[in-house]
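Just below is one structure, and these are the notes that go with it.
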Amino acid sequence: MLWLFYSSAIIASVILDFVGIIMSLFITVVNYKTWVKSHRISSSERILFSLGITRFFMLALFLVNTIYFVSSNKERSVYLSAFFVLCFMFLDSSSLWFVTLLNSLYCVKITNFQHSVFLLLKRNISPKIPRLLPACVLISAFTTCLYITLSQASPFPELVTKRNNTSFNISEGILSLVVSFVLSSSLQFIINVTSASLLIYSLRRHIRKMQKNATGFWNPQTEAHVGAMKLMIYFLILYIPYSVATLVQYLPFYAGMDMGTKSICLIFATLYSPGHSVLIIITHPKLKTTAKKILCFKK
């Protein structure tokens, strides 16, 4: 029964992954066309373009890896497994840093805090985006290289995977994976949760203030603020379980967990990327309008 549940979780993760690939490609193409057409692109659209490309390759790699894992009758070498792990770690870390940068940009630009740090960031963050994007990639490359360096000290044993008798022996080298993951993810988690929480608090305060004034309450600016607040709330709902599930997957005792727990972790870990991409589309005016045109929902 648990194997059936786990198989269903794998099928669900493949479907979600496929949806995420389509959504990421859509975000990339729309922002690229905007860039080519107007010969300029905003800071947020530049981040979305980078995020779309990174997520597309990350989810495509995950899909190929899953299909190969399920369909292969042959034993799987440790080198191929290590290649998939390293590429996925780099792409996943890059996409998370892009999301962190996007949330920070939204927080700084939309909130109206008068603290000197916020005012300084508000003036300087947009011009720095072209430099911060490569910095995100370099940080991801550094954490991946750190993983490789640490894994050389305690190398992975031979990893053999069979179709009908799956066996992962990763007791050695797991510490290096956990260390590199925590170094990268903990800072991302703190920045994302802080940015989202500050933005939600600021927008709620702004909306309540406008409700009290009751003059021209619902205008395009307020609608954009409400959309940003919804995006942050739903982002936290997806991101926090994803972070917990991903961390659990990298811990040594994960291999000994029952299939039910593994299935839940797999679903939460897979749901985040496509779910967040869908949220971006339905809360971004230009992406939402283009999606409606494609789906023939425009009145």
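Using the three backbone atoms N, Cα and C, a Cβ is placed for every residue, glycine included.
Note that the structure is a prediction, hence the values are computed from the model and not measured.
Going by Swiss-Prot, the topological domain containing Tyr32 carries the same name as the one containing Pro285, and both residues are therefore on the same side of the membrane. Checked against Swiss-Prot, the residues Asn169, Asn213 yield a single entry marked N-linked glycosylation site: Asn169.
Just one residue in Asn124, Asn165 has N-linked glycosylation site written against it in Swiss-Prot, and it is Asn165. Screening Asn164, Asn192 against Swiss-Prot annotations picks out Asn164 (annotated as N-linked glycosylation site). The highest tally of CB pairs under 8 A with the transmembrane segment (47-67), across 10-30, 82-102, 231-251, 263-283, is held by 10-30. Long-range contacts of the transmembrane segment (231-251) within its own chain (CB-CB distance under 8 A, at least 6 residues past either end) are made by residues 103, 106, 174, 177-178, 181-182, 185, 189, 192-193, 196-197, 199-200, 264-266, 268-269, 271-272, 275-276, 279-280, 283.
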